[in-house]
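I have placed the structure first, in the form of C-alpha cells, so that the comments after it can refer back to it.
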C-alpha cells in the first residue's frame, strides 16, 4: 500500500506497509535510463569526433556521464528497482543520436548536447523540487541529483560555447531532440 500526502501542488509518495515506494522507483528507473542514453550519446559522438578539436570536451562530458550511469546502476541494485524494460532501445537510440549528429559535424553534435541537457536539467530540477518538498526524502539522493544537474548544465554550456547555435537547422534539430527526450522520460518512468 502506498500512502499519498499532498504538499502544495505536488503529491509525495511515502513508503507504505510493504516498503514499496513507486515514486522513488520511478525516479531511479528514469534517471538510470536517461544516464544510460547520455552515456551512449557521448560514445557515439566520440566514435565520430574523438580525434577532432572537440574530442577532449566530448570525452570530459562522457566521463561524467559514466559516473552518473554507474551511480544509478548502484541505486537500481541497492533499492531493488526494476530497470526500464526498454534498456536495449535507450542503448541503441542514444548511440545513433550521438553518432548521427556528430556525422553532421561538431556544431550539430553540440546542438544535440544542448537539446538533451536542456531537457535533463529541467527534469532534474522537477525531481529536486519534489524531493525538497518531502521531509523524509533521502538527502544523499537529493545531493546526488543536485551534483548531476549541475554537471548537465555544464555540458549544456559547453555545447553553447562550442558553436551549437551555429549548427545547420539548429532550431528544428534541437526541437526534435528535445521532444524525443521528453517522450523518452515519460516512457522510462513507467516502462
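Residue numbering: from 1, along the chain as shown.
From the backbone N, Cα and C atoms, a Cβ is placed for every residue, glycine too.
What TrEMBL lists as Fe cation 1 binding site is 35, 65, 68, 152. On its own chain, residue 68 (Fe cation 1 binding site) has 35, 38, 39, 148, 151 as residues at least 6 apart in sequence with a Cβ closer than 8 Å to its own Cβ.
Positions annotated as Fe cation 2 binding site by TrEMBL: 65, 117, 152, 155.
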Key: Cβ-Cβ neighbours of residue 65 (Fe cation 1 binding site) (radius 10 Å)   = 25
Ask   = Relative to the Cβ position of residue 155 (Fe cation 2 binding site), how many further Cβ atoms are located within 10 Å?
value = 24
Query = Just the number: how many Å between the Cα atoms of residue 155 (Fe cation 2 binding site) and residue 65 (Fe cation 1 binding site)?
reply = 10
